[in-house]
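According to TrEMBL, the protein has these features:
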- 38-535: domain 'Major facilitator superfamily (MFS) profile' (DOMAIN)
- 40-63: transmembrane segment (TRANSMEM)
- 75-97: transmembrane segment (TRANSMEM)
- 104-123: transmembrane segment (TRANSMEM)
- 135-157: transmembrane segment (TRANSMEM)
- 169-191: transmembrane segment (TRANSMEM)
- 211-230: transmembrane segment (TRANSMEM)
- 264-284: transmembrane segment (TRANSMEM)
- 304-325: transmembrane segment (TRANSMEM)
- 444-469: transmembrane segment (TRANSMEM)
- 481-504: transmembrane segment (TRANSMEM)
- 510-530: transmembrane segment (TRANSMEM)
Amino acid sequence: MSLVKKIRKIMKSSNNNKEPKFDESLETAQQYKERWRSIYVVYFTMFIMSLGFSIIVTGVWPYLDKLDPSAGKEFMGFIVAANPFGQMLFSPLVGWWSNKLGSIRIPLIFSLLLFTFASGIYSCLELFDSHIKHWMLWSRFLVGVSSANVAACRSYLSAATKYSERTKAVSMISLAQVLGFVVGPAIQAAVVPLGDDGVWLIPHKLKLNMYTATGWINVFLSFLNIYLFLPNVFSEYKIAAKEAMLKQGKPNEKDTWKGSKPDYFAAGTLIVAFFVMVFNFMLLETLGTPLTMDQLGWSKDKSLWYMGIIMSVCAMFSIFTFPSIPILSKKFSEVKLMIWIGFFLMVIGRFSCIPFSGPSPKMYDINLRKNLSIFCEQKFKNSSQLYQLDFESLNANLLQYDRFLAPNITNGTQIRHMTLDCGDDLLGCPSSQEWCNEVPAITYTQFIFCYVLTVLGYPIGITLIQTLFSKLLGSRPQGVWMGLMTGSGCLSRVMGPVFVTHVYEEYGTVWTFGMTSAMMAVSLLWLWYFEKRLEPKEPLTLENCCLAEQELKDLTVDYDQKEYPPKFENLS
């Protein structure tokens, strides 16, 4: 019993010695709770915006291929890039708007309404009779424009956290962002049981299937997010400026900015590093589904299902990685962690995806697949757009699969059987990618190893880049700066899908992963060389200000007391 009492006494004393969570000179306990509640709302918003992008990444290619078989992978790259392109254009503007208003509520609610509208369009593409691929492109662009609110979210996070809270807060918002990226494909995998046919929402016009369900999920989550920004739920607290004013003894916020001028070279370096990191992460986000279909010979359903599982497992890795960042930051330099864990693991991950030996992937005739898809479209949809098909040539190609195309058959099951499920059973690398005949295929183990290293390195690298960037800027409003940082990431997400899909389609896996490995390696060496410039300085305090002023005053007094010109006596 005495042992239990001693343990209770130790626990009680440790609780008494524990520092309070809030600083009474800056805020009350109630304000502390409301401030962190607002930060949690920002975390959720960042998650939703990332989810809005990633939830369609694994499904966009089979969805596009279903709606318009002639679109091709290169146009898919433009569709994926449309989202970050819209975000890139409007991020600095939204950051400036939130700075101008002194609040993020109105920009966030407006952008979320746009997000709801654009996600609804994506799920209703079957209602359009023509130009479907262009409607898909515009819907993704508008989702990107709405996602520009990320700049305002990051700016608010910097303003709503104390210097000591910054690393933890940025790691959590990065966790929310990365979870959005990896949970999206998992949700896509979860709705795969709905199938390609799904159920009718509007009879003979609009279906709820494994492609459109993701858009409706975005709509629901967006309405929930809008509610969280209403005045009775969300209150803004900008404690960073108050902390700087208290520490420096300044009467207003603007005077504190003069004490900490940002290093523009270091800030620019981190913006470029952010670009490189996101660019390389987008490589697997964009190519994941097409790569497994081409290299491993997976079907659309199988690729969506297994990519969802892989990304879900990787999300679990991320969950354990992010909380470790604040702990590691207390023991090691944040710059060193960014370079030697974040960037180094990404370099190894990229390089490990280069195939050096083994058999080439299985091939299929792309023209045969297109013609079978066109035949099914004419049969099932009674398409008004008629195509002249060469049935003699088609049947000659189908002989190797023990199939024969009979134009007069109308039974749906028989049509799918004789057309190899409208061409979907033709698996492997398309004949249009001639490099597949010469380059070895990527193995399943190789792909998993590459993906795991990426998921371990990316969260640490991306979190510490944003943390260092925020600390370098100090207590000044960071809306425009965060807009530039967000725009940098968006530019990489614009260029990444277009560049990667083009290089992959034209030149193959060796060039794709070889070039991205070189990009990551050069970035790592650059950051290593300028390591000292990237270390943020401790914020200026009132004591340091007074000490500097006193030293300057002493120097002035010493100079005034000296005789000028000096007297030279007793020189002889």
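Every residue, even glycine, has its Cβ placed from backbone N, Cα and C.
As the structure is a computational prediction, the values presented were derived from the model and not from experiment.
Scored on C-beta pairs under 8 angstroms, the neighbour of the transmembrane segment (169-191) with the top count among 40-63, 104-123, 264-284, 444-469 is 40-63.
Relative to the transmembrane segment (481-504), the listed stretch 135-157 leads the set 40-63, 135-157, 304-325, 444-469 in CB pairs under 8 A. Among the recorded stretches 40-63, 75-97, 135-157, 211-230, 510-530, the one sharing the largest number of Cβ pairs closer than 8 Å with the transmembrane segment (104-123) is 135-157.
Remark: the transmembrane segment (264-284) contacts the transmembrane segment (510-530), by the rule of 3 or more CB pairs under 8 A.
Below 8 angstroms of C-beta separation, residues 52-53, 57, 60-61, 64, 107, 111, 133, 136-138, 140-152, 155, 286, 290, 478-484, 486-487, 489-498, 500-502 of the same chain, each at least six residues beyond the ends of the transmembrane segment (75-97), sit close to that stretch. Ranking 40-63, 304-325, 444-469 by CB pairs under 8 A with the transmembrane segment (211-230) puts 40-63 at the top.
Sequence-distant contacts of the transmembrane segment (444-469) (same chain, at least 6 residues past either end, Cβ-Cβ under 8 Å): 154, 166-167, 170-171, 173-175, 177-178, 182, 267, 270-271, 273-274, 277-278, 280-281, 284, 288, 291-292, 295-296, 310, 314, 317-318, 321-322, 325, 329, 334-335, 337-338, 341-346, 348-350, 352-353, 355, 481, 485, 534, 536. Most Cβ pairs under 8 Å with the transmembrane segment (304-325) belong to 40-63, among the candidate stretches 40-63, 135-157, 510-530.
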